[in-house]
Amino acid sequence: MYKKIWGIRKNVFILGLVSFFNDFSSEMVLSVFPAFFTSVLKTGAAALGIVEGISDFASNIIKIYSGRLSDKTQKRRKLIIVGYILSTLTRPFYALISTATGALGLRITDRVGKGLRDAPRDALISLSTDKKELGRAFGYHRAMDTLGGILGPLMAFFILREIPLGFNTVFLWAFIIGLATIATLFFIKEIRLSLPSNGWSTAKNPLSERFKKYLLSVFLLSVGTLPVAVLLLKAPSAGLEIATIPLFYALTNITYSLSSWWAGRMADKRGHRKTLLYGYGCLLLSYLALFFVDGPGAIALGFLLYGLFSGLTDGIHRSYAGKITEEIGRGRTYGWLNGINGLGLLIAGLGGGIIWQLWGPAVALIFGVLFILAGLIVFLSTQFKNS
């Protein structure tokens with residue numbers, strides 16, 4: 001019997017703690033990075049977009065290969081450890097850089113670490129859990145991840161309030177908290193699968209036609225998911241003070257964190273497909289509230305619904321992939337899922353932002369809705385048993 005903590009397998013519980021500490025640390029840096037980039041490095045928004053775009057692209061490509069490598073070597077734990085350590089070690093070096101090139105190097109290194117660890121980590125969560133409890137496991141993990149993402153910016157805010165332009169203090173504390181990530185990593189246990197008698201060759205192509213169709217639906221849905229950073233532009237355009245923007249961001253993350261674990265349990269009981277449909281329904285309602293209703297109440301409702309959408313879909317997409325694929329290729333499964341999802345979100349951010357700037361929020365909304373509807377059509381046309 002596997003030991004459980006709070007009804008969660010011990011391995012999954014520890015991986016949740018790892019993600020909590022890591023996101024606490026990383027979001028401290030990310031929440032101040034735009035201000036640091038423009039006020040300290042004296043570089044513009046265009047360069048910031050290039051840095052983030054290149055680093056995210058590198059991360060998404062690496063995810064695909066790290067998943068395959070974790071299946072082939074059966075060393076998921078090592079890839080997870082290396083990935084988290086690599087990202088953590090970048091954080092104190094932000095205090096030493098003075099150019100956009102230096103920032104690009106650190107961001108790429110950070111995202112390479114993320115690319116190395118994400119697919120093996122999701123595979124290990126899946127392999128540590130019974131299929132009937134996958135929703136709960138991934139829901140718990142996303143809740144812990146998001147909780148860290150809430151506390152990190154709050155701590156950065158309080159530091160900068162006490163020490164104006166105290167970016168180096170933020171980076172130092174981010175590194176210190178990151179050390180808790182590293183310490184927790186070593187409690188993770190490896191899980192090895194019995195490979196077929198003819199070795200790895202039979203597991204070289206675990207991507208079935210139905211999973212490829214699922215990936216297509218995930219890609220289309222991701223492209224239609226306008227990122228929070230773009231949607232936050234709605235607040236000042238609606239006449240709200242810029243100082244209120246962090247409050248809407250916090251509302252989204254708090255709702256996301258609180259709903260993730262509950263959504264996972266619902267997926268296990270009522271089905272993953274139904275839970276995902278509820279989630280994308282919330283996203284469409286969020287767009288409706290943000291773009292067609294005026295006032296701070298509607299804006300708040302829009303971001304609350306967006307947080308609920310994230311809770312109902314993020315971990316559920318991952319647990320759903322675990323239900324419809326074989327264990328032997330689970331690393332590659334999550335490599336492709338994370339990579340395709342990340343590329344879709346990258347296109348959503350770049351495309352949505354450009355469309356918003358050139359033609360306004362209404363056209364950006366239409367862009368998002370069309371891709372979501374296309375993704376749902378593909379998703380609903382794909383039949384899976386017991387899902």
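Cβ coordinates come from backbone N, Cα and C, glycine included.
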Which range of 39-58, 139-158 is transmembrane segment in TrEMBL? It is 39-58
Residues of the parent chain within Cβ reach of the transmembrane segment (275-293), under 8 Å, 6 or more residues beyond its termini = 135, 221, 225-226, 231, 234, 263, 266-267, 299, 301-303, 305-306, 308-313, 316-317, 320, 361-362, 365, 368-369, 372, 375-376, 379
Same-chain Cβ contacts of the transmembrane segment (12-33) under 8 Å, 6 or more residues past its ends?
-> 4-6, 80, 84, 87-88, 91, 94, 110, 121, 124-125, 128-129, 137, 140-141, 143-149, 151-153, 155-157, 160, 167, 170-171, 173-175, 177-178, 180-181, 184-185, 187-188
The transmembrane segment (170-188): which same-chain residues, six or more beyond its ends, come within Cβ distance under 8 Å?
-> 11, 14-15, 17-18, 21-22, 24-26, 28-29, 32, 77, 80-81, 84-85, 87-88, 91-92, 94-95, 124, 152, 155-156, 159-160
Per-residue pLDDT averaged over the domain 'Major facilitator superfamily (MFS) profile' (11-386), given as an integer | 87
Which residues of the same chain, at least 6 past either end of the transmembrane segment (362-381), have a Cβ under 8 Å from a Cβ in it?
-> 213-214, 216-226, 230, 273, 276-277, 280, 283-284, 287, 291, 348, 351-352, 355-356
